[in-house]
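Before any comments, here is the structure.
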Amino acid sequence: MGGNQTWITEVTLLGFQVDPALELFLFGLFCLFYMFTLLGNGVILGLICLDSRLHTPMYFFLSHLAIVDMAYASNNVPKILANLTFLYLAFAHIECLILVMMSYDRLVAICHPLHYTVIMNWRMCMALAVTCWVFSFLLALVHLILILRLPFCGPHEINFCEILSVLKLACADTWLNQVVIFVACVFILLGPLCLVLVSYSRILFAILRIRSGEGRRKAFSTCSSHLCVVGLFFGSAIVMYMAPKSHHPEEQQKILSLFYSLFNPMLNPLIYSLRNAEVKGALRRALYKQRHM
């Protein structure tokens, strides 16, 4: 390394390059989004814990999704660059895998209803959840180790604190990091997305064989909310990490990062509450009990 290069130990996160008069509005808007994210996911988590009717495998995985969404959104308040990147990656991986587990739960519930309680017992649910968390943190740890081996010598400004932006600060070859990121995207994004699509293809055929119109409506209602969440999360993640970088101007990259890490966690509880009769019923019962206490 040349003598005129200086290693950097801290960086500056750049905001949106907008008119100063608009900055206050954006600050208030993003704060509102963040509060809605915490409130919405907190309500979902609370209802699942308090209402015994929601103590099923589907809502067990949904509670994990709510926890990840709250942590994922909160993680965007930067403290320490390495730790932040590690948690950002870990929570993103967990959400991918939890969504796969939720699609598998719906597959078993609709295609094998008589064996559902046997297959999706609490031991199986706990094992799947623990596997998602452990595997995700281990994979994020691999990324972190590969990042920490790099020398960082500038520039000292990045647009968003996620792995692609951090790699731009390195003054060494990041080829290995790029390869690992691509392989991880294949296994964590494309692989799970293919499993979800296969699961829902089988679910669709099973729903079409249901003779009862009410049964079809209930099955579609249950699955449509999950499909909306899957489409938003995987769509934005694939565009952000696997699309050619020439298609990503800097400002567009910021918007994609914001949508991926803030808007999705905020929309998830809205989608599940508005599209799910059981969640709405649990909320009505909780409000009724509160009024009559």
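Cβ atoms here come from the backbone N, Cα and C positions, even for glycine.
Packing against the transmembrane segment (24-50) from elsewhere in the chain are residues 16, 18, 59-60, 62-63, 66-67, 69-70, 73-74, 258, 262-263, 265-266, 268-270, 272-273, 279, 282-283, 286: each is 6 or more residues past its ends and has a CB under 8 Å from a CB in it. Residues or ranges marked as transmembrane segment in TrEMBL: 24-50 (among others).
According to TrEMBL, the domain 'G-protein coupled receptors family 1 profile' annotation covers 40-272.
Look at TrEMBL and you will find 80-104 (among others) tagged as transmembrane segment.
The transmembrane segment annotation in TrEMBL covers 125-148 (among others).
The transmembrane segment annotation in TrEMBL covers 175-198 (among others).
Long-range contacts of the transmembrane segment (219-243) within its own chain (CB-CB distance under 8 A, at least 6 residues past either end) are made by residues 58, 65, 92, 95-96, 99, 102-103, 106, 110, 164, 181-182, 185, 189-190, 192-193, 196, 200, 203, 206-207, 210, 253, 256-257, 259-260, 263-264, 267-268, 271-272, 274-277. What TrEMBL records for 219-243 (among others) is transmembrane segment.
Feature annotation from TrEMBL assigns transmembrane segment to 255-274 (among others).
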Sequence-remote partners of the transmembrane segment (175-198) [C-beta within less than 8 Å, at least six residues beyond its ends]: 92-93, 96-97, 99-100, 103-104, 139, 142-143, 146-147, 150, 163-164, 167, 230, 234, 237-238, 241-242
Long-range neighbours of the transmembrane segment (125-148), counting only residues six or more past its ends (CB under 8 A): 57, 60-61, 64, 82, 85-87, 89-91, 93-94, 97-98, 101, 104, 163, 166-167, 176-177, 180-181, 184, 188
